[in-house]
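What TrEMBL lists as transmembrane segment is 12-33, 49-67, 179-196, 208-228, 254-273, 309-338, 359-379, 391-412, 419-439, 445-462, 483-502. Annotation comment: TrEMBL describes 13-484 as domain 'K+ potassium transporter integral membrane'. According to TrEMBL, the domain 'K+ potassium transporter C-terminal' annotation covers 496-754.
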Amino acid sequence: VDRSYQCKDVLILAYQSFGVLFGDLSISPLYVFKSTFSGNLSNYQSEDVIFGALSLIFWTLTLLSLFKHVIILLNADDNGEGGIFALYSLLCRHAKFSLLPNHQTADEELSTYHNPRYSYRNPQSLTVKRFAERHKKAKTALLLLSSSLHNFSANRYYLQFSVRLAIEGVKVRSSELHYGVVLIIACILLVGLFVLQHRGTYRVAFMFAPIVILWSLSIAAIGVYNILKWNPRVYKALSPYYIYTFFRDTRYDGWISLGGVLLCVTGAEAMFADLGQYTAVSIRAAFLSKNFAAVSTSFYASIPDSLFWPVLVMATLAAIVASQSVISATFSIVKQCYAIGCFPRVKVVHKSKWFRGQIYIPEINWVLLVLCLAVTVGFRDINHLGNAYGLTYMSAMFVTTWLTALIINFVWGQSLVLALLFALFFGSIEIIFLSSSFIRISKGGWVPLVLSVIFMLIMFVWHYGSRKKYLYDLHNKVPMKQILTLGPSLGIVRVPGIGLIFTALVSGVPATFTRFLTNLPTFYQVAVFVCEKTVLVPYVPQKERYLIGRIGPKSFRMYRCIVRNGYKDVQKNEDDFENDLIMSIAEFIQLEAEGSGTVEGSVDGRMAVVRTSEKFGKRLEISELERNGEASSSMPPTILNSSKSHILQYLQSTYEMESPGSTLRRRVRFKLQPDMNYRDPNVKDELLELVEAKQSGVAYVLGHSHIKAKMNAPCLKRFMIHVAYLFLRKNCRAPAVVLNIPQTCLIEVGMNYYL
């Protein structure tokens, strides 16, 4: 996505951000003072105490939301992307620790790998090396996972917390209203909110933005009215002196009340987490234009009788809108966990044609709805719900502070003293709030901690099983000497067509391939070993996505294709991958013959980056066919020479057109350029063979693994593999579904893994 936005684009994104990011901060008047004065602090009603609470809220919002997030943290982007994964990605690239095992040197030459705005510290320096050796495994992974889980848990609690508080406003004027009525209304609103998610963040933002703007203007006007009517001296609360008088008068009770004060900054993390859906400029413009005017002037206010019901309706709608930001952030977190192998396979849907960062995950959407309804029904006391939310939220904010301090030192190249000053200043503020929240664990705070542990175990088990499986494949890969001794025919019958063998290995031949040949001694004339992997950058440009190389001599017709995706890249529901792969291999064959592989892209051993988008149509000519196999009106009818029987072709076309949930596949025809001159006639023969193989058909070969623990494995390991990991594998999306592979083109090879 081009980040050089014009003024019109910035205004559009700023308008959208009202409907997604700032609803959370805007509805703070609904619950901050209520939660702050919910305990023993309700016995303190002096003007100094109330002014002190307002001063605490104002300066907390100023320091943590404005200075930390808006001014500093929005600069710590990873090629325009924000969130805790952006911080982790930067640290992985420049402090040399990562959860991903298949890193290659060529990955560091991606155009998005380095950000020219940063003055990077040399990754080979002694300080960075020592830090990487000591912390490259458990500690950083634990920080990442725990913070992500706290975000997931905090987001889930905020949804019902904000909606319940808005609905309970009815009880102010209707004290006889039964609790069950409030509960039913809150559940209906939550269900409606989650049902809307399939329309995408882009549409939801445009629908909800006017509501947040009207709500902010309403509470600002009501705040000014009440200040002028009841106490014009409230401006004195902006002085930090009243913070001192607050703790002087309230002491322990004032410290306990900090768990309610911290709720004024909820939503600040969402600004950074959803940075990729907007821009730093648009978020800053929206924040400065509304939040202090809408929030800080309305705490010491009451709603006039004549405006109560209209404002209550507006508050309910604003609370629903505020929940949108945390749903969007949850989708983003889960997508990134899944990309680095720390979450089971899910379906990720890209919902905006204009901006690629806006996604929707159906499974997470419905799981989140069920959990929200369960907590809404289970928590009768709204204050306990606020306690649970505040604890999880401040935990995530505290972890973000220390990761940002590492960014300042290792990525921005600033001094260690400056990084420590940042961590100590903001960390000390957050640890005070966090200590107050821990006191409330017995009053509802224990529930998010338990759920966080459960979700952390899910992520740990999935990552553990996936990594063990990868290491098993790496240890049991077939030596190249064994492949070379078989000769060009591989000792089997080669039939027309292309076989795509999917593997997690970036080098060597997987055992899946030899097992296939052992059971069925035949394979396609062109074999391509495909590895789809995640690189720790948010997005990989299309022209740098494919890394192509050979396996064995040219006569073997065996290639390797490494498809590199960023942790925020989303696979489209189209079959362009197949066509892009053929074009990339054709480009590689020609570049190899011309000896220009090192000119066009970097080389990693025998692998070369093929910049496909610059060369499309120069090596091969591509034209689209109709769904029934006939040529479209733009070209004369063509009969394809195919090795498939008429029955198989009929079954494939029937499956593609009638299978539930499947999309019609785009079918194209390749042919060589008639006016292309080839210095080496062997290149033309190889390209012609590639085209004929593509016309004969493409098959996808995937390993169908059966994971088992060794007989002498410890009991804990056997439980994790046989029970926990197996349960997750059976209840997540199959690899063929995630890759959008038609069943008629799929070949699964059974493999036993003894871990």
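From the backbone N, Cα and C atoms, a Cβ is placed for every residue, glycine too.
It is 254-273 that, among the stretches 254-273, 309-338, 391-412, 419-439, 483-502, forms the most Cβ pairs under 8 Å with the transmembrane segment (49-67). Against the transmembrane segment (419-439), the recorded stretches 179-196, 254-273, 445-462 differ in Cβ pairs under 8 Å, and the greatest number is found for 254-273. Looking at 179-196, 208-228, 309-338, 483-502, the range that has the most CB pairs within less than 8 A of the transmembrane segment (254-273) turns out to be 309-338. Each residue in the domain 'K+ potassium transporter C-terminal' (496-754) has a pLDDT score, and their mean in this model is 75.
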